[in-house]
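Trainee: Here's a structure for you.
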Amino acid sequence: MSGNPTSREESFLVRGGTRLSGEISVAGAKNSVLKLMAVALMAEGRTTLTNCPSISDVPAMADVLRHLGCTVEISGDTVVIDTPAEPGHIADDKAAQRLRASVCILGPLVGRHHRAVIAMPGGDAIGSRPLNWHQNGLNRLGARTRMDHGRLVAEATELRGASYELSFPSVGATETFVTAAVLAKGTSVLKNAAREPEIVDICDLLNEMGAQISGAGTSTITIRGVDELTPVSHRVVGDRIVAATWAMGAVMTRGDVTVTGIDPMFIHVVLENLRAVGADVETGPDHIRVRQEGRPRARDIRTLPFPGFPTDLQPMAIALASVSEGVSVVTENLFEARFRFVEEMVRMGVDAETDGHHAKIVGRERLDSATVWASDIRAGAGLVLAGMCADDVTEVCEVFHIDRGYSDFVGNVRSLGGDIERVPIHR
Ligand code: UD1
């Protein structure tokens, strides 16, 4: 797997003026594979995951699991996790803090072993990410949760099926409740559940392992408790955010890109928006083709939980608005700090301002090349797309963020005709 640990000191140099065109396939979703790896804790023996992306978050999650006593082998796109009968329940602080998604071991550990201790993940570049709804869900199932010296401690004597209604369809809190309820006594019902395709993928894996979950992908998920799970082999669902990144890049660079390995329904709303800005979008059972001639038109976009426009594509929406004809308003409804990206676009000459949840962007024909900083995975990818629409060479710094979520980003951009190279940081 790639995921170069020194990429904190590396930048991407992106030369503007190229057009993305060609065919590209996407690997499994980051936001699924990390959770599937955690689900492997719920069954003794070897769980095999295929179609895994080569991203640095995968070895980071492997470390979290190794500290709990699992053996993890990563080979090509396959990850094999061998879980002992009694894995540990205390996540290594350093391994867990490196990976915010490590919170996804909480539900599996509490569900199977009735106890878990994890370091409270720090604040994130995209905004505060509390765990109160995760705790509430576990408490409903009969666990006791508390904060202790910066760690979240969860314990239960036994877990009993219960009903819980989320006040917001949180992805993480849905996963914690469902995974903890799978081995509880009796039936649990989660209302206002998140409907993301990655939730469906996790429930599919759990059902293949012997769980009895119905309603995944809808707002009500019902979980009938079972006594035990057995390990299986499972293929990770394709990454809709990566697929949409290439589709949006095609529109921004007036290109022609076919993306395979993705169910177009997963990005239906994104594709509708691309059609509205002027793109020609074709879809097949597991591919999309996006072509753009001429300058895209401005369009207002607001992020929402699935099936709405994903917050993870908000930086790309702002980058697209920056080169579109007219004025766009982008509204962020999930993560308050995600508009840090706008400051980077201003460095590239974009006339943009933010007010609370809204960003107003006046599009330009061509952006100014500049030195810009990736503050998170998606912001990094958005900056590279913006750099492709700039007049000269843009340096995108701190590309370790991009390596956390995109397999072979440089190779993939180049395969589509983009001019990009990875270099040691220039200062
Ligand atoms: C996941 C994704 C992330 C994506 C997000 C929304 C992973 C590893 N990450 O993050 O890429 O952007 O879904 O699609 O899958 N909240 C609370 N209390 C809680 C839980 C959440 O207030 O207990 C808030 C968060 O601060 C945020 C909102 O709910 O404002 C949505 O968060 P959530 O859906 O839980 O996102 P994550 O699971 O953290």
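Just so it is clear, glycine is given a Cβ too, placed from its N, Cα and C backbone atoms.
Nobody curates TrEMBL annotations by hand; they come from automatic prediction.
The following feature annotations were taken from TrEMBL:
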| type | residues | note |
| --- | --- | --- |
| DOMAIN | 14-411 | domain 'Enolpyruvate transferase' |
| BINDING | Lys30, Asn31 | phosphoenolpyruvate binding site |
| BINDING | Arg100, Asp312, Leu334 | UDP-N-acetyl-alpha-D-glucosamine binding site |
| ACT_SITE | Asp124 | active site, proton donor |
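Tell me about the setting of these features in this model.
Mentor: Around Lys30 (phosphoenolpyruvate binding site), a 10 Å sphere centred on its CB holds 26 further CB atoms from the protein chains shown.
DSSP assigns Leu334 (UDP-N-acetyl-alpha-D-glucosamine binding site) to coil, not to a helix or a strand.
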Trainee: Going through the binding-site residues Lys30, Arg100, Leu334 in sequence order, which have a CB under 6 Å from an atom of ligand 1?
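Mentor: Cβ under 6 Å from ligand 1: Leu334.
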Trainee: So how many other Cβ atoms are close to Asp312 (UDP-N-acetyl-alpha-D-glucosamine binding site), meaning within 10 Å of its Cβ?
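Mentor: Excluding its own Cβ, the number within 10 Å is 24.
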Trainee: List the residues of the same chain that sit at least 6 positions away from Asn31 (phosphoenolpyruvate binding site) in sequence and have their Cβ under 8 Å from its Cβ, in sequence order, or write 'none'.
Mentor: Ala101, Val171, Glu196, Glu198, Asp239, Ile241
Trainee: Roughly how wide, in whole Å, is the group Arg100, Asp312, Leu334 that binds UDP-N-acetyl-alpha-D-glucosamine, by largest Cα to Cα distance?
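Mentor: In whole numbers, the farthest two Cα atoms are 17 Å apart.
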Trainee: Going by DSSP, give the three-state secondary structure for Lys30 (phosphoenolpyruvate binding site).
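Mentor: Going by the DSSP assignment, Lys30 (phosphoenolpyruvate binding site) falls within a helical segment, counted as helix.
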Trainee: Where Lys30 (phosphoenolpyruvate binding site) and Leu334 (UDP-N-acetyl-alpha-D-glucosamine binding site) are concerned, what is their Cα separation in Å, rounded?
Mentor: 19
